[in-house]
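K.L.:
Positions annotated as Mg(2+) binding site by TrEMBL: Ser130, Glu203, His231. Here TrEMBL flags Arg370, Asp384 as ATP binding site. Positions annotated as compositional bias 'Pro residues' by TrEMBL: 340-352. According to TrEMBL, the region 'Disordered' annotation covers 333-352.
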Amino acid sequence: MRGRIFASMTVFGVKGRRSFSELISIKAMTGTVKNPTYADAIKRLNSCQSGWELLEARREAGLKLDQSAVEAMRRWSRRIGYQTSDFDKLNIVHVAGTKGKGTTCAFVNSMLTSVQKTLGKPGKIGLYTSPHLVSVRERIRINSEPITEEQFAKYFFEVWEGLERASLAANEDPAVKPVYFRYLTLLSFHVFMREKVDTAVYEVGVGGELDSTNIVEKPAVTGVTTLGIDHVQSLGETIDLIAWHKAGIFKPGVPAYSVNQVAIADPVLLNRAKEKNVDLRWLNINTALKDVKLKPAETFQFKNASIAVALTAEVLRKLGISVKENEDGTAEVVDEGIPHPSPPQKTHPPPKVLPEEFVQGLESVVWRARCETKTIGKQRYFLDGAHTEDSLEVASDWYGRTVASSNAKRILIFNQQSLRDASGLMRTVFFNLRDKWNVKFDYVIFCTNVTYKDHRWKLDFVNFNVDPSELRSLTLQKSLQEEWQELDPKATVLAMPTIEDAQLEVERISKDVGEIDAMVTGSFHLVGGILSLLEGEHYGLESTTKLDEVKGN
């Protein structure tokens, strides 16, 4: 049930036998480095990527994660000196969901930071999110700032060498490491423990039940944002299966909150809460948000802010800080002086009046690549890393509503490397904009996720999970080009080899026609690449020739 398989299952035809364990671990680079740098760390981290061949074989064999994935994370934690109960000290806010979980985490982090400025506590606030846009360091933040390159390298190699020493002591292969995301999750716990953060906000990577973040035993509070269809290979193809996985972050006696979900998800979340002895509270949009200036001021964003307010108030309560509602209709944060040693058994109603710190925190959030607008001369870029049908519908609604009355020429830059999903995702953008907003693009550009024209990538962008031959041949891009041209014969539709080619084409068109409204969407790799080009982030490049040599690790 729930799509689980036996761990003994193997995949043949890719470098011999591929086992289930390679979904959670990988043979990576080995050895110590004298005076290690950030680039050294990222190269080793990239060697932990699964590789496109293994991922393709996994899909064909129907391999999915099972409970041994979480057990492996616990084992790796012990090998670098931690019991998972140690992480309870981090007072974790754990957030799962399909849509809005990253934004919700950003809201919580920002409100906590605003409270910190008033009360001087919490002292240090950790934030772990994914994916990154420009630098891997963005995933691990303290007091809203990405950890420095020096910190990243230092803590990265403490974990790396600790795992190798433990493997050698156990007569095991020191080259075996957690795969990319699991390694970063392990690193985040180590960073936050070493830096002694007072509270940490964790965004789930995939699902919840089997996610690498789900080794936390007693978070301060958990939350589930809006559910939809995502990661069907891992979670299942229906909302109820996906809801089961998301509710896996619920922990006995730890309060949990959820936004209102589609009907089929409700009983699943309720049953999971009952199984785990969890008090689950459903949240409508908080009326206290009516005058808060959220960006963008869309319904989905008010749902994200509503659950963020509840989660923030709950973790503050555990830290000994309360939200006091005054008789004059205002509210303030009050340091009660005595932290609660464990989470309360029950949830609390979210504040009906928001203290100024909450308002400032919500209004000041800039969560990049989520409905982000950036203007360069006559070019206005609408940037959103949406990569599911639901999120692309939200992103195209935002674009359509904004540009419907604009006279600027419209351009779409789209990247999605999934052969199975790309057509459906692209069609979501086309039909949603045409049918709901009467918006069509004058120009459409399909590009790969390679950043630069000289076919080099920023080290932080290296991606072994895409077949390099597909990138060279533009197979997918040309297929999407033909499909869009059939949908809209009047549009100028192009397939381009790199993100830089696409961005330069926007500049060229703008010189000819003037104002441009360019929607950039389909993947975070694409949006991160565009931002690097627009903002001059060229540090640490790797050629695609070197990537070809790796052949999926």
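Every residue number used here counts from 1 along the chain in the order it is shown.
Each residue, glycine too, has its Cβ placed from N, Cα and C.
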K.L.:
Is it possible to list how many residues within the region 'Disordered' (333-352) are helical, extended or coil according to DSSP?
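P.N.:
For that range the per-state counts are 0 helix, 3 strand, 17 coil.
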K.L.:
Measuring Cα to Cα, how many angstrom lie between Asp384 (ATP binding site) and Ser130 (Mg(2+) binding site)?
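P.N.:
The Cα atom of Asp384 (ATP binding site) is 14 Å away from the Cα atom of Ser130 (Mg(2+) binding site).
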K.L.:
Around the Cβ of Ser130 (Mg(2+) binding site), how many other Cβ atoms lie within 10 Å? Please give the count over every shown protein chain.
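P.N.:
Taking all protein chains shown, Ser130 (Mg(2+) binding site) has 18 Cβ neighbours within 10 Å.
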K.L.:
For Glu203 (Mg(2+) binding site), write down the residues of its own chain that are at least 6 apart in sequence and whose Cβ falls under 8 Å from its Cβ; none is a fine answer.
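P.N.:
Looking at Cβ-Cβ distances below 8 Å from Glu203 (Mg(2+) binding site), excluding near sequence neighbours, one finds Val95, Lys101, Gly102, Cys105, Tyr128, Thr129, Ser130, Thr213.
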